[in-house]
């Protein structure tokens, strides 16, 4: 059985204190603990990582196995990182792009995602619930294999 990877991109380590009007007051640790508990309860392995370094994120994606599932919040890399996009395409695993805020209701540059076209879905605007919904989908996908 595959593993679920939850990869958080730049500045997400500041959740809870970074622009709470846009990203909420929930910390990254709180979000991660909810995800870890839900996956553990379902008996599915999960790995959760955060980085502010694009190359490190790409290395984690490269280490994924063919039966794994990716939940990714690429942060600002969403809008321009063809390197992250190509990494996801290279490993050929299902992926969901997640955002806490509704990127389509924000500044014009945030409305474009170069990552979403290589993902099976995108969930945004629901705060920490965006991650929880993505995990529900990933758990269902992995248990049906």
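Keep in mind that glycine also has a Cβ here, set from the backbone N, Cα and C atoms.
According to Swiss-Prot, the protein carries these features:
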{"type": "SITE", "residues": "18", "note": "site 'Transition state stabilizer'"}
{"type": "ACT_SITE", "residues": "23", "note": "active site, proton acceptor"}
{"type": "BINDING", "residues": "73, 79, 86, 100, 101, 110", "note": "substrate binding site"}
{"type": "ACT_SITE", "residues": "99", "note": "active site, proton donor"}
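Sequence features annotated in Swiss-Prot and their locations in the structure.
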residue: 18; record: site 'Transition state stabilizer'; contacts (Cβ under 8 Å, 6+ apart): 11
residue: 23; record: active site, proton acceptor; contacts (Cβ under 8 Å, 6+ apart): 15, 100, 101, 127
residue: 73; record: substrate binding site; contacts (Cβ under 8 Å, 6+ apart): 7, 8, 9, 12, 97, 98, 99, 100, 131
residue: 79; record: substrate binding site; contacts (Cβ under 8 Å, 6+ apart): 109, 110, 112, 113, 114
residue: 86; record: substrate binding site; contacts (Cβ under 8 Å, 6+ apart): none
Most distant Cα pair in Å, residues 73, 79, 86, 100, 101, 110 binding substrate: 24
Cβ neighbours of residue 101 (substrate binding site) where a neighbour is any other Cβ within 10 Å: 18
Fewest-neighbour residue among recorded positions, criterion Cβ within 10 Å, set 99, 110: 110
Where residue 99 (active site, proton donor) sits in the secondary structure, as DSSP reduces it to three classes: strand
